[in-house]
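Heads up, here are the entries from Swiss-Prot:
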type	residues	note
BINDING	His98, Asp124, Asp128, Asp225	Mn(2+) 2 binding site
BINDING	Asp124, His126, Asp225, Asp227	Mn(2+) 1 binding site
BINDING	Asn130, Ser137, Asp178, Asp227, Thr239	L-arginine binding site
Amino acid sequence: MQFEKVTYIAVPQKYGQKKVGVEEGPKFLEKLGFMNVLEQVAKSVNKKTITEPKTPQELGVTNARNLNEVESVNIELRDTIAKEYDVNNLLINIGGDHSIGLGTIAGVVKAMKPNARVGVVWFDAHPDMNTPENSPSGNIHGMPLACAVGLGPQRLTSIMPHYITPKDIMYVGIRSIDVGEQFEIQDKHIDHFTAEDVKRVGMKEVIEAINKKFVDYDVIHLSFDIDGIDPEFILGTGTPVPKGISLEDSLYFMSEMGKMKKLHSVDIVEYNPKIEEEITGKNVLKCISSLFGIKC
């Protein structure tokens, strides 16, 4: 796989959750060889960095914690992606926590024509479909997809130029599902493969379902939370959940996603090197390499 250009957006965001270190994900992946991977597949690499928010004045528990900081990052990220998005090349966003998923979807939507169909593949242990009213934690990294479909604080939902719909989403790997999220998935009939489903039917069938679902869509956006992978392989992440996707299946998933002609943007999120650096970082790089068809 070869591109004229790959745009890499570093997003050092930690305020969608409470654990320090996830903002250093881009820096540590670069240290482990991420830029070398990009240089193997692109004639040029265009790096952008989103402004890291200053420490909030108050870190008290609310039902939408650090709203100002999450809002500012997602607005800047949306506008950067809208400017850099290119259907002839690839854009990769490295977080940072998964609250950035709102800005990345918003950026793709903003870059496309108003009637374009944007499909979202959400690889994650969590659906991220909470709202401040039903979130057990108040952490906004559990809310980005809710905001993208129009549920949540107006300051966040308004970041979307227009909302995607629940039918535009395909979940892969979910297994830690809050009550409000379960209601939305069932009520809105959101397509999904739990981690248990993946083990039962095989990742090949998941890929076939993704291709079939998005056959009439204009573009696909992949948001890849590393906690979708089983903690046996991913130690350095803030909210690990047992019984996840195997590393082998994750590498196959990424290699097949990378072959999709409609995929032009990817998020890699929730790598926290302060929790564990080397094993997790190397496995994340393997996933990124597989996306580009590079054998690990």
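Heads up, the Cβ atoms here are built off N, Cα and C, so glycines get one too.
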Reduce the DSSP letter at Asn130 (L-arginine binding site) to three states and note it down.
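SS state of Asn130 (L-arginine binding site) = coil.
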Any idea what the Cα distance is from Asp178 (L-arginine binding site) over to His98 (Mn(2+) 2 binding site), rounded to a whole Å?
17
I want the residues beyond His98, Asp124, Asp128, Asp225 whose C-beta is within 8 angstroms of the mean position of the Mn(2+) 2 site's C-beta atoms, in chain order.
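My list of surrounding residues reads Gly101, Trp122, Phe123, Ala125, His126, Pro127, His141, Gly142, Pro144, Leu145, Ser223, Asp227, Gly228, Val269, Glu270.
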Taking Asn130, Ser137, Asp178, Asp227, Thr239 as the record's L-arginine-binding set, what's the max Cα pairwise distance in Å, rounded to a whole number?
17
C-alpha of Asp128 (Mn(2+) 2 binding site) to C-alpha of Ser137 (L-arginine binding site): distance in Å?
12
Long-range same-chain neighbours of Asn130 (L-arginine binding site), Cβ under 8 Å, sequence gap at least 6?
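For Asn130 (L-arginine binding site), the qualifying residues are Pro136, Gly142, Met143, Ala146, Asp178, Gly180, Glu181.
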